[in-house]
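A.B. asks: Positions annotated as domain 'CS' by TrEMBL: 2-91. The transmembrane segment annotation in TrEMBL covers 143-165, 185-205, 212-230, 242-262, 274-299, 319-338.
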Amino acid sequence: MTLTPLVYWAQRHGEMYLRVALTDAQNIDVCVRENVLQFRAQGHGAKGQNEYEFTLEFLLPVKPEVSHRSTQRQVNITVQKEQHGWWDRLTSQQRKPAFLTPDFDRWLDESDAETEIREKEEKRNKMKASTHKEEGFVSLKTVFLFVYNLVQFIAFAWIFVNMTVRLFIFGQDSLFDTFNTISDVMFFCQILAAVEVLNAAFGVVRTGVVPTLIQVVGRNFILFIVFGSLEQMHNKPVVFFVFYLWSAIEIFRYPFYMLGCLDMEWKTLTWLRYTIWIPLYPLGVLAEAVAVIQSIPIFDKTKLFSIPLPKVIGTSINFSYVLHVYLVLMFLGLFINFRHLYKQRTRRFRTKKRKTN
């Protein structure tokens, strides 16, 4: 005797939903032939653990492709209508099969189904509008980052080339007037570099805020406080080495970021960007430390930036004490940034190695 499971049905304008009340169904066979759905499976139904089957001849044409998904409690079947529309009933026969009943969990009237369609359409339109806005923002962000990196690259390239040419032409004499010839452009670059801290803080670029802040604040401290405020430091050779090492790093970093904005990569440039800092960054910090040490006697003599104390104490705190503390913080920052850059390098080349494999 053929056993028939309970079947619940509901519809939308484009598909029919069938829910077969069969627990732990196995050996499921579902197909549509000549507009007739045939179902057979083994499972636990109204008559216990048995084989169940049924057939349904649809009211109107349906597509032969049918999808089904079995859960622990039921088998869900989806059948696509050949043409969108609302059916008066499921089967071609006027009398409803005894095993067939409406699925009130999914049941909608035609008006409710049309409302559901409109809501889905509105949701899709909102998502499209949101996507267009996001794409516009991404494009604007890309243009902004590309222009920023381009400006910085041009400025640092000018500094590097200018200092190199002057070194070949004037020799050692060029070491003593670096500040007078280069400082204006370097001031511009380092003030503009504050944008990188904002980019990291507001998520415009994916990078750590702390390492970026350490580098930008550290360089501006050296440039504005140690070099800029002391005229006696302007003709020191250490200025040449600090500026030259800074620019040597940046002429590889900024073009790498420019290509990244265009989703492009030049392997040689990538290797240089993630490798050249290994010798140059510690050398740059060492040059900065030398500059700070050379400036300490000058700050002691000029009392510049000294912090006055009440007359009862009758003295002041020389700015050189701040510089001594700064020297310790400088090498702490070197450790933090070196560790950050090394992690970036390891992550970058490990990822590329996986892609190659």
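Glycine too: its Cβ is placed from the backbone N, Cα and C atoms.
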A.B. asks: In the same chain, who gets a Cβ under 8 Å from the transmembrane segment (319-338) while lying at least 6 residues past its ends?
C.D. replies: 210-211, 214-215, 218, 221, 281-282, 285, 288-289, 292-293, 295-297, 299-300, 304-307
A.B. asks: Can you tell me which parts of the same chain pack against the transmembrane segment (212-230), counting only residues 6+ beyond its ends and a CB-CB cutoff under 8 A?
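C.D. replies: Result: 179, 183, 186-187, 190-191, 193-194, 196-197, 200, 239, 242, 246, 288, 291-292, 295, 298-299, 302, 304-305, 326, 330, 333, 336-337.
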A.B. asks: Under 8 Å for C-beta pairs, could you tell me which stretch among 185-205, 242-262, 274-299 has the largest tally with the transmembrane segment (143-165)?
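C.D. replies: Comparing 185-205, 242-262, 274-299 against the transmembrane segment (143-165), the winner is 242-262.
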A.B. asks: Could you tell me what the rest of the chain brings near the transmembrane segment (274-299), counting residues at least six beyond its ends with Cβ under 8 Å?
C.D. replies: 218, 222, 226-227, 230, 232-233, 236, 238-239, 241-242, 245-246, 248-249, 252, 305-306, 318-320, 323-324, 326-327, 330-331, 333-334, 337-338, 341, 344-345, 348-349
A.B. asks: Give the nonlocal contacts of the transmembrane segment (242-262) in its own chain as ranges (CB under 8 Å, at least six residues past its ends).
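C.D. replies: Answer is 142, 145-146, 149-150, 152-153, 156-157, 159-160, 163, 178, 182, 186, 189, 219, 222, 227, 269-270, 272-273, 276-277, 280-281, 283-284, 287-288, 291.
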A.B. asks: Residue counts in helix (H, G, I), strand (E, B) and coil for the domain 'CS' (2-91), per DSSP?
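C.D. replies: Helix, strand, coil within the domain 'CS' (2-91): 0 helix, 61 strand, 29 coil.
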A.B. asks: What is the average pLDDT across the domain 'CS' (2-91)?
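C.D. replies: 92, rounded to a whole number.
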